[in-house]
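Accompanying notes for the structure given below.
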Amino acid sequence: MSVAAVVPAAGSGTRLGAALPKAFVPLAGVPIVVRAVGGLLDSGAVDEVVVAVPGDLLDRARELFVGRPVRVLAGGGERTASVRLALELLCGSHGGERPSGPAGDGPPEVVLVHDAARPLTPPALIASVVAAVRAGHPAVVPALPLADTVKQVCEGAVERTVDRSELRAVQTPQGFAYETLRRAYEKAGDSGDTATDDAGLVERLGEPVVTVPGDPAAFKVTTAWDLRIAELLLEGS
Ligand code: C5P
């Protein structure tokens, strides 16, 4: 069963406040996207990776992944657009490069979608998501319980306290039977642009989405604070 991973890395990362798009910011000397892709390949569960990057960084990205089973393409204006373009490349309907990865010329059976912005995701977590899809679940997300109390707020005033025992924070990689994710993107059309994750589009199909235990190390680097935490974790490892 071939497994491909799609890595959306085309965001500008304005909340990080760096001079470079977030995925290309060095984390302890190595660009964030290189660490994220390295974790996928180190898991031993992923055959090839497709990375969506800002159009003006295509050449830079190609240099970063020379010799690895990685293809790069220019992403879109929203995260979902970047994932959609990468899926089209995987299934061979993209106008540009033809599939040439180790997974062969057709689409893979399993596809992961993994934020470039999660550079410290443990390979064991990646392998556990793939294993759950292989076991027959069409959509799998890593999830963590919430530590904080959660309140719904309107214009600074608390409206209600939400029962956190039923809530989970969801990470990536999210894993899918390829055909399920393809149908989810097909159904979503342009309305998918508001989705903040891929499993949300599968939910709109009415298909089951199951969870596996997430890992705090798979946190998303969004702000300068997150980047500092990631640096400290690497120093301590
Ligand atoms: O902005 P945020 O951190 O939520 O983005 C999640 C991931 O989606 C990041 O890895 C980012 O690079 C990617 N992204 C993308 N194309 C966009 C916007 C975000 O690939 N247009």
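Quick reminder: no glycine exception, Cβ is built from N, Cα and C everywhere.
These come from TrEMBL:
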{"type": "SITE", "residues": "Arg15", "note": "site 'Transition state stabilizer'"}
{"type": "SITE", "residues": "Lys22", "note": "site 'Transition state stabilizer'"}
{"type": "SITE", "residues": "Arg164", "note": "site 'Positions MEP for the nucleophilic attack'"}
{"type": "SITE", "residues": "Lys220", "note": "site 'Positions MEP for the nucleophilic attack'"}
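Location within the structure of each feature annotated in TrEMBL.
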| residue | record | Cβ within 10 Å |
| --- | --- | --- |
| Arg15 | site 'Transition state stabilizer' | 13 |
| Lys22 | site 'Transition state stabilizer' | 25 |
| Arg164 | site 'Positions MEP for the nucleophilic attack' | 14 |
| Lys220 | site 'Positions MEP for the nucleophilic attack' | 16 |
Pairwise CA distance, Arg164 (site 'Positions MEP for the nucleophilic attack') versus Lys220 (site 'Positions MEP for the nucleophilic attack'), rounded so that it is a whole Å: 21
Cα-Cα distance linking Lys22 (site 'Transition state stabilizer') and Arg15 (site 'Transition state stabilizer'), given in Å to the nearest integer: 9
Integer Å distance between the CA atoms belonging to Lys22 (site 'Transition state stabilizer') and Lys220 (site 'Positions MEP for the nucleophilic attack'): 11
